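Chemist: Right, I'll just put the structure down here and ask away after.
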Amino acid sequence: MGNTNNGPEESTDLGAVLRNGREILLQGFNWESHKYDWWRNLERKVPDIAKSGFTSVWLPPASNSFSPEGYLPQNLYSLNSSYGSEQLLKALLQKLKQYKVRPMADIVINHRIGTTKGHGGMYNRYDGIPLAWNEHAVTSCTGGLGNRSTGDNFHGVPNIDHSQHYVRKDIIGWLKWLRSVGFQDFRFDFARGYSAKYVKEYIEGAKPIFSVGEYWDSCNYNGYGLDYNQDSHRQRIVNWIDATGQLSAAFDFTTKGILQEAVKGQFWRLRDPQGKPPGVMGWWPSRAVTFIDNHDTGSTQAHWPFPSNHIMEGYAYILTHPGIPTVFYDHFYDWGNSIHEQIVKLMDIRRRQDIHSRSSVRILESQHNLYSAIIAEKVCMKIGDGSWCPTGREWALATSGHRYAVWQKQ
């Protein structure tokens, strides 16, 4: 899997970053970012992003889109978007390279808005723009003349038929072009929409340094709220990762769903029957990208928000635990200086104590109002309003805040 054409500063091995397991991601936007001259705004923040210790910044979709947020792409090869011009984007990518932070491209290839009417009077042709596909590139379930979808439909728009060889060849060509523009990592949008085997092919073709997929479906709920057991939910995410040839990580929606209930005084949820963390983190931590909120679950969409008065408990959990933690732009830059500093401190401890995606977890307490654990036998933490501290003189308080504390070996 050698990759020697990326310049000397890049790893020549597709799996090196996943094996190393020392990533911390920043989601660098929210649902409203397109209103705020975004590429220029982020460029000013690059020194702080680098200093804080982020290895990668997930950027919003950079291609021309029918909707300003970028998730209804049309001309994939046009990098002029509501986030800014191609020139401003390239200046941002250059700055990130200079500060050794990897830019992550948001890859929206489940669906694509047509330019002209075709079969059935639908806008399912792409005349007049690069990748000038016709109706055969659109799945039959969404009004095209292609094959049936290999995944779930994203309704109301033409879904791309990835089973067509020429479509995949064109997509790989575009992904390689994004790499040449300066994107190093990929985030696959709506990964439920097409078979994971195609994601594998796209990663092998374009060789991003790191990839993560958004495989988001509903957690298991009963009449009283969230089920304690979310094994079937995390199993579906694990199956998706497996089907990418283990080349992609995936967002740990299971952990998010459980953690945001746990912090309301149900910390017993954070230990599964085997005594492990109950999300993807507990089963396949090196592929679990943990997070508290994103542009869909939080921000102004708030489809599934984390309780706002508990977010530091959330970060105290994901930034001390295995997996690959992600910090949301809003929390880091819009919620005030205190939150920013508290998150930086937790990131600092993670780095200094060399906690990584595969670090061991020993859960000590997991009650209604208290969760505590020892990670890698080097860091100890508690969240919740139950009072607790580790026994043993070797532990020194490293940081603490409202309803959380972290200790390290002195």
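Each Cβ is built from the backbone N, Cα and C atoms, and glycine gets one as well.
Just lifted these from TrEMBL, have a look:
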DOMAIN    23-362  domain 'Glycosyl hydrolase family 13 catalytic'
ACT_SITE  ASP189  active site, nucleophile
ACT_SITE  GLU214  active site, proton donor
DOMAIN    351-409  domain 'Alpha-amylase C-terminal beta-sheet'
Chemist: What is the number of other Cβ atoms found within 10 Å of the Cβ of ASP189 (active site, nucleophile)?
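Modeler: A 10 Å sphere around the Cβ of ASP189 (active site, nucleophile) contains 20 other Cβ atoms.
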Chemist: Using a Cβ cut-off under 8 Å and a sequence separation of 6 or more, which residues in the same chain sit near GLU214 (active site, proton donor)?
Modeler: ARG187, PHE188, ASP189, PHE190, ALA191, ALA250, PHE251
Chemist: Restricting to the domain 'Alpha-amylase C-terminal beta-sheet' (351-409), report the mean pLDDT as a whole number.
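Modeler: Here the mean pLDDT over the domain 'Alpha-amylase C-terminal beta-sheet' (351-409) amounts to 97.
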